[in-house]
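Marked as GTP binding site by TrEMBL: 188-195, 270-274, 334-337. Positions annotated as compositional bias 'Basic residues' by TrEMBL: 1-11. The compositional bias 'Acidic residues' feature in TrEMBL is assigned to 15-28. Annotation source TrEMBL lists domain 'SRP54-type proteins GTP-binding' at 355-368. TrEMBL lists 1-82 with the feature region 'Disordered'.
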Amino acid sequence: MAFSFFKKRKKTEAEIPEDDQEPEQAPEPEERSPEEIPEAVPPPPAAVEDTEPEEPADAIAENKTAPSPAPAADFSEPKSGFYGRLRRGLEKTRRFLTTDVDKLFVPGKKLDDQTLEDLEELLITADIGVKATTELIAGLSKQAAGITDPDHLKEAIKEMILPYLEDDRPTDEATRPLATPHVIMVIGVNGVGKTTTIGKLAARHRANGKKVMLVAADTFRAAAIEQLSIWADRTGADILKHRENSDPAAVAYDGVEAARARGVDVVIVDTAGRLHTKVNLMEELKKIKRSMSKTMPDAPHEVLLVLDATTGQNAISQTELFTKAADVTGIVLTKLDGTAKGGIAINLRHSFGIPIQYIGVGEQVEDLQPFDPRAFLDAMF
Ligand SMILES: Nc1nc2c(ncn2[C@@H]2O[C@H](COP(=O)(O)OP(=O)(O)OP(=O)(O)O)[C@@H](O)[C@H]2O)c(=O)[nH]1
């Protein structure tokens, strides 16, 4: 069944011109000429053997071996609190989708072609994506005769979307097996909420009693290093940082080395979100990844791509770009509370097959939640 929305729509992701697909960037960082970006020369592995490893000459590492304060976040909240946050966070999307789904059905009306066409437009506007929407509408049109009211329609939509979102891998770090140390590399463009996500992740692992180290491999901006230090203080995590402009691959290498020497459980590596060109950035991410695997062959164990849900199609083009540079193991979708287009989660999972690992539904530390597809859909429709 072909619906006329495809004729009406002005611009879909397939038609966005190349220029629009540049990843969104936050304000310009301080300029640094490309020649000044240092070549990645990982330090010699000799230091590994020291029981009391000396920090590399230009490293400024803070080791909080003394019992560090438990983070203020409370992740032990009852399920009702968790769903409450999720529902509040997805309120804009829910209001947008459900109000209009309710309007599609006047009493006695059937799920006819016109209603399906309106629904199709609604789902595409919520950023669910053209491909996924087409599949959904085709599926719904087969069940149309049996769907007689809005609640029934919402249930049918949820049941059809659920298999798109489900993943066998557990997303909750409390139940997931972790390597020792478990190295998480965090990537994404500036402004998407990368640093905040790292802080929130550190708080989650600290709340599970883990010793956490943050590694400041975004050496491009002094502010990024400072922000990470603040999160380390706030969560009681160690931090490994070098001076601004030092080699990010060397910082990452030293971070993993130091973490192993100090018995750290979880290492979270921050990376730059912007360099002079996309090519430089992608090459740098590859180098960082390689340098970590030189000291620990299976590191990084996770590569989390942070995306801002409010940027819509930009999140799709950023995923295209970053998946070329790194094997992204999971997506963190932030700022879902700031958009009515929470359908982007479905679009991303459907387009790339990468699991959504966490979602951000607010600025509080507790607002970063492991992704639960059923709870997400219940909060959305
Ligand atoms: N409402 C809301 N705000 C968020 C969420 N996640 C992050 N933020 C906010 O987004 C803003 C940017 O977050 P940062 O963590 O600084 O982003 P970044 O990607 O590290 O950006 P740079 O520091 O510029 O590299 C901050 O004000 C965060 O509080 C979320 O899930 N919901």
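Glycine too: its Cβ is placed from the backbone N, Cα and C atoms.
For the binding-site residues listed here (GLY191, THR271, LEU336), the lowest count of other CB atoms within 10 A around the CB belongs to GLY191. Broken down by DSSP into helix, strand and coil, the domain 'SRP54-type proteins GTP-binding' (355-368) contains 3 helix, 6 strand, 5 coil. Candidate binding-site residues: LYS194, THR271, ARG274. Those with a Cβ under 6 Å from ligand 1, in sequence order, are LYS194.
Classification of GLY188 (GTP binding site) by DSSP places it in coil, neither helical nor stranded. The number of other CB atoms found within 10 A of the CB of ARG274 (GTP binding site), across every protein chain shown, is 20.
For LYS194 (GTP binding site), the same-chain residues 6+ apart in sequence whose C-beta sits under 8 angstroms from its C-beta are VAL186, ILE187, GLY188, ASP270, GLY273, VAL306. Taken together, the residues of the domain 'SRP54-type proteins GTP-binding' (355-368) have an average pLDDT of 92.
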